[in-house]
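K.L.:
Please find one structure pasted underneath; my questions will follow.
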Amino acid sequence: MSKFDDVFKQSLIGRLLQSDRAGTWLLGALLALAVLVPFFNLVIPADSFLHLPTYLVVLMGKYLCYALLALALDLIWGYCGILSLGHGAFFALGGYAMGMHLMRQIGDRGVYGNAELPDFMVFLNWTELPWYWYGFDNFFFAMFMVALVPAALAFVFGWLAFRSRVTGVYLSIITQAMTYALLLAFFRNDMGFGGNNGLTDFKDILGFSLQSDGTRNVLFVLSALSVAGAYVLCRAIVSSKYGRVLVAIRDAESRTRFMGYRVEHFKLFVFVVSAMLAGIAGALYVPQVGIINPGEFSPVNSIEIVIWVAVGGRGTLFGAVIGAIVVNYAKTYFTGAFPEVWLFMLGALFVISTLYLPKGIVGVVNQYRERLAVKNSANKPQELSS
Amino acid sequence: MSAVPKPGYHFEEMQSMLYLNGVTKSFDGFKAINNLSLDIAPGELRAIIGPNGAGKSTMMDIITGKTRPDVGEVRFRDSIDLTRYDEAEIANLGIGRKFQKPTVIESLSLWDNLELALAGNRSVVKALFHKLSGEQRDRIAEVIELVGLAKRAQELAGNLSHGQKQWLEIGMLIMQEPELLLVDEPAAGMTDQETMETAALLKEINRDHTIVVVEHDMDFIKALDSKVTVLHEGSVLAEGRLEVVSANPRVIEVYLGR
Amino acid sequence: MDNAMTLPRYIFRSALIVLLAMAALAQADMATDSVVQGAQIESADSAIEASAEMSVEEVFAELIAARSTSAKTDTIQKIANSDFPQAQTVLQALQEGELYYTKAKPPVLVFAVNHPDGYSISSALNGEDLGVVGLRDVRKVSINNALRNLLRGLLAEMALRSESVDVRLQAAKNLIRSPAEEYLPAIEKAIANETSDKVLVSLRLAEGMININSDEQTKRLAAIEAFSDTLDSDVMSLLAGMQIQDADGNYQESDEVVRLAAAEVLRDMKAQAQLYKIVENTFFGLSLGSVLLLTAVGLAITFGVMGVINMAHGEMMMLGAYTTYVIQLIMPNYIDYSIIVAIPAAFLVSGLVGIIIERGIIRHLYGRPLETLLATFGVSLILQQAVRSIFSPLNKSVTAPSWLSGSWEINGALSLTYNRLYIIVFSLVVLALLLFVLKKTFVGLQMRAVTQNRAMANSMGIRTGWVDALTFGLGSGIAGIAGVALSQLTNVGPNLGQSYIIDSFMVVVFGGVGNLFGTFFAAMSLGVANKFLEPFAGAVLAKIFVLVFIILFIQWRPRGLFALKGRFVED
Amino acid sequence: MESRKSIKTFAKRGGIALAAATLSLSASIAQAADTIKVGVLHSLSGTMAISETTLKDTVLMLVEEQNKKGGVLGKKLEPVVVDPASNWPLFAEKTKELLEKEKVDVIFGCWTSVSRKSVLPVIEELNGLLFYPVQYEGEESSKNVFYTGAAPNQQAIPAVDYLMSKDGGSVKRWVLAGTDYVYPRTTNKILEAYLKSKGVKSSDIMINYTPFGHSDWQTIVSDIKKFGSQGKKTAVVSTINGDANVPFYKELANQGISAGDIPVVAFSVGEEELSGFDTAPLVGHLAAWNYFMSAPSDANDAFIDKWLEFIGDKKRVTNDPMEATYIGFKMWVKAVEKAGTTDVDKVHDAIIGISVPNLTGGIATMLPNHHLTKPVLIGEIQDNGQFDIVWQTDGAVPGDAWTDFLPESAKLEADWKDPKIMCGNYNTETKKCSGQNY
């Protein structure tokens, strides 16, 4: 037992989580979900009250995709002070890459039975597939693009912006301009991405029907594992020396320069990583919600991502995940329970959380825990060693 | 990183560590630096004084690559034209700078602050897979001792007092192992006692570093007991031992007089 | 800021002067004093032989009974050619869709005007008041566009005898647009004793539009001759029509001589039109720019000067627009003045809300600009839902005051719409006032003091909290004023703010945060750029290009067009 | 000690999280009720709230009225309103929620095509029932969706016919202006093909697309003006969507283009939109719908009175999508009563062929392709925000799911009755349905 235990402790994850209680919780919960959700959805019979309806599986899968997205943003905003108001763009690009693959998977089962062209191209009289659609029928190429396209955009954009030292609000606003421009571009039907309707009517992925509960659960598990994986990755990054350089850049950029660090390189790297994570989130999101359209590029969506992170607790990674889930659950609940006035509540939530929880939910929990710790330390100090 | 080779201290072959000639910089017509010339010998400790707006900070900015001069040459170790490099490169060339208002990374521990400053490869990849070696640990421990903050090594830099931040920043400079230190008003906001300690600290460091100190505080300058340059309206007004300079009527008029 | 200002101020001043001049001209052109005609034409001899065998009642009954367009056409002709005293008013009412008939048996022809509980109607025969009836108690004598054109002509022919120059001018213009053989005598008579040149020109054109279809070549050439010095779009349309070739290559216009003559005139018409196209484009650009300026200038205060990333800015404009709507509800009979009242009202409403937001929320967030983004975003959601709950999610209709509608026809090819013209001027006036407040008043001084060095200002005994609230209120109030202008251009609805917020941020950032002149130039240049791109690239691409341009520009000038220079920026 | 702890805590925390998850999930399971649940899936916030809120109220009104009559099959109807907030993925999510959690028996909802598209996979997987009340581009016929709005051949083509006629001003030159999304694109493709089939030269057709909520129309309107002054009677066929309309018409008016010179016939401007306009300058411009509030019929008068009373605001208006909702609701009720159950498949079989009176004095019949027979009306805008019906088709036009004017879709037909076909996209050439289950 203890031998295996040591192995675990030696492993990278073990080492990372030593000082990270919250992380342990999170990973524990994610893995638990990855096991339980399929169990309660597939194994438990539908009539049992313990049965978990499929729509909840999909819903939670969606939340996890948002969580991954929030994680990506927290990595750059929380630790490097880059407030991107255009992160939705990377998410959407990843989504479109996946969507294009799923589109090609339909093959000749579209309404017009055209093996080459997606339906929307057929009835808009496109004669042949545009070049940028080539290759997407291949799953691995598509998956490659899921990461590459956002990364490429992030690289070019970041390289320009960080090189010429665009910082603070200026950076935020031009990221917003970026996603806004993409929004307009993807709305154009001439772009060949389905215009306002985007890509939809997906059938199956790698031969498994997207409608089947099995596939749904697999996608859910994948989402859960991706979030876990991404968390570990981000944790590894921020607890390395590199991570501390990021913090240094966030707190005192010019000091860091005078210490001899190429700030633009450090920013660029983390920006690209973050964009990739966002892209992956998008790719997982699309098959679960069954549609990707330009709406995902809208600046408001990107602002919402920022809000998830802020509500959860900026610069903690853990908080980003919490925030994404809490806010989106609130949204789902309010829109169902108070369709007429839910915006009041959501708005109030944002205002209050910025006013009274500047450190987000996680901040509150920590304060509480510290107070608790102080109390405990009075009577049984040994508990604190863990 | 820059292609310039990192030299040892062969002071004798070198005429000047830092050499400014006819440097001028103006912002929207206002000449912050006006035909300034300055020559710092290797191993020297030089104090630069001057009233506000005399161009002290701008001079620092120009040397460290934060600002480009309109005209004039800025040479490091005789051969290197600093105007061609940016902050990071210049830092890696071996010039360390301490800001007027102390800037340390507040949300990192003292130890981390020093570790970041630790001389060595600054590339992204290295940073990602960096591990502290034994002697590096010792080096950090040594410096943190030197600046007298050993007891608080694991605390957040944000919790330090103003003066302590100044010292930590100086410590970070030392970690960078620069040949030339530019120290901007180290004694600002310090108690007399702290001021004296700081002066001592700088003299200590001066043993194997060239230092340029900018300061108003006359007691501090006295304590440094070094050659003094008086700046006024962006150019050198007087230069020499403190007692000589302070005898200069122009200096008295524009500066000491107040 | 000041040292980077002298040139901008000069350009801005001159621009203002030019525009004011244009507006003034426009006014003058409208208010031509009516030259009273010398020889009065007595209606008797001008009236064409009436088809007197039918009584008024019969004709009206026929009009009500008529279903097909053709049937209506000749009844209308009958009325027009009759000497009924009511003829003109009835046709007028028909044209304006105010002619109804009751469900009574036999139905009665009535004039109906809108009324809170339906229509208030009066007899078409003798104009006696028949009280108020419900919406579905009367049916309208419906007409379609074909009939509308006919009526336009008939009424114009009658109006040619009017006293007022403006009426005659309008009549002549209408005749150009619906030419018909039978008007010719009336027109020629009018030409004979018309005194005003402006009217004369139009009459000649009208005459030409008719003669061009005559069978005598000389007349037609004369007509074309008359066309040579106009740019009227209908004339152009007609001449262009002649040049059209059918499948087997022969032209619409069979008479070669006439066609060539027409072609000639058409050619230099087109040449001139090209020229004016550019002027027009610039105008479009400036007007788009002025809208951008209006929407951005408030943000230039709250965001630019105070550093609050104010996502609720759009909603402040929305409030302004709704204020305009409410004001119109309050004073339905003075629509023309409602706008004037709305401007200060909107300023107060939005300003007040702004102050509340500042005191309630933003005050706690200074030094944390990104938090202000989140909080104000929340506020914007709340405000949107608030108007949705109060005013319903439907768009509200804001009536354009008469003096804001229509356009200033410089010539057939170039006409500048008044609302745009006024908005350009208005935006500049707002900017000027704002600058005055900031630069010349004590409050402004305090505002700048606080934003530049809070601690110092505080120690000088300025009540910074109070000044902050005021500054934010000012910015919001101006957003409210922008809302009034927007209510004249676009939907007044809960989403109004959303559609402008991003552009506003782009303008402020492009212009350089904290610099009003930057904002001014950014707005204008983006507007013009957009408009000159649009013809080639299309609306969408044009916008995308502009956005990409901004992104790249910021790389080159990380602090915008008119960055505050100097070493203090960095700190 | 340390080492053992780490894995223990890891396991322990996992366990706790697990338990928590289980509880939270099992908590949210819905239980069946003895009412018939009617889902209402219209955006109450966001950009589409402007149009969709009214339809939500309409459904609520119809439900209330039906319950006064004692409900359906002796059960009361229970409306379940949710807000998809003009967010397309949220439409899919809410549909799942309605069908799986709320277990509704029918859904009335959606406005934009994209929202319908995102609902489609869900509603088919879970075999739900959606009544879609808005005119759309066609090219679709799902087993689970009934399209009670107009197909292109029930709106666009008749409108063009009218404009070509003498009464319509015998138009020779056409501007097809639309917002850049699928409905205008498809409609304009169809119209272009149709116009060419009528011998209109492509030099006489100008097609222009603008982004959503386009607000600066100066350039485009002046282009239209130029295009219109080329010696042939010109008309604009507008598929411009929602918010962009007000600035468009204002610009038309300001640049002095009257209905007499260049009439505009719109497919997305109804009474509701007009209530947000300053209509004075629009008088004489046209709209093509299957219903106008001004339609002279007793059914209509009754409906209007009921609506005004329900909404408690004398100024409110009725419009075409409301009629479509009304027809859809009536048909569903009739079908449920005929089938004696709310079971989707039975209702589906029962509803095809059912006829209910529409509000313009005619009869609407549900065709095997899930579209309706509808009359087409052309109305001229009046200064009081109403339409004056100037022309209408004699008799009702059957809705065509697959237009005959696009080569690819001309081959297809939808038939959910004929056992030999029984699909939404039967290819008359290959004699089989494509893989698509709709």
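Keep in mind that glycine also has a Cβ here, set from the backbone N, Cα and C atoms.
Residues or ranges marked as transmembrane segment by TrEMBL: A:25-44, A:50-69, A:76-98, A:139-162, A:169-187, A:218-238, A:266-285, A:305-329, A:341-358.
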K.L.:
Give the nonlocal contacts of the transmembrane segment (A:76-98) in its own chain as ranges (CB under 8 Å, at least six residues past its ends).
P.N.:
69, 136, 142, 145-147, 149-150, 153-154, 168, 171-173, 175-179, 182, 186, 193, 199, 238, 243, 246-247, 249-251, 266-267, 270-271, 274-276, 278-287, 292, 294, 296-299, 301-303, 305-306, 309, 314-317, 320
K.L.:
Does the transmembrane segment (A:169-187) reach the transmembrane segment (A:218-238) with at least 3 CB pairs under 8 A, where each pair is 6 or more residues apart?
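P.N.:
Answer no, regions not in contact.
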K.L.:
Which listed range (A:139-162, A:266-285, A:305-329) shows the maximal number of Cβ pairs under 8 Å with respect to the transmembrane segment (A:25-44)?
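P.N.:
Selected stretch: A:305-329, with the most Cβ pairs under 8 Å.
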K.L.:
Give me the stretch from A:50-69, A:218-238, A:266-285 with the greatest number of Cβ pairs under 8 Å to the transmembrane segment (A:139-162).
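P.N.:
Answer, by Cβ pair count: A:266-285.
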K.L.:
If you count Cβ pairs under 8 Å, which stretch among A:50-69, A:218-238, A:266-285, A:341-358 touches the transmembrane segment (A:305-329) the most?
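P.N.:
Top-ranked stretch among A:50-69, A:218-238, A:266-285, A:341-358: A:50-69.
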K.L.:
When you scan the chain for residues with a C-beta under 8 Å from the transmembrane segment (A:266-285), skipping those not six or more beyond its ends, what do you find?
P.N.:
61-62, 64-66, 68-69, 71-73, 75-76, 79-80, 82, 84, 87, 90-98, 143, 146-147, 149-151, 153-155, 158-159, 162, 219, 222-223, 226, 230, 233-234, 237, 242, 245-246, 249, 292, 296
K.L.:
For the transmembrane segment (A:50-69), find every same-chain residue at least 6 residues outside the stretch whose CB is under 8 Å from a CB in it, and list them.
P.N.:
33, 37, 40-41, 44, 87, 91, 213, 216-217, 219-220, 223-224, 226-227, 230, 277-278, 280-282, 284-285, 288-289, 305, 308, 320-321, 324-325, 328-329, 332
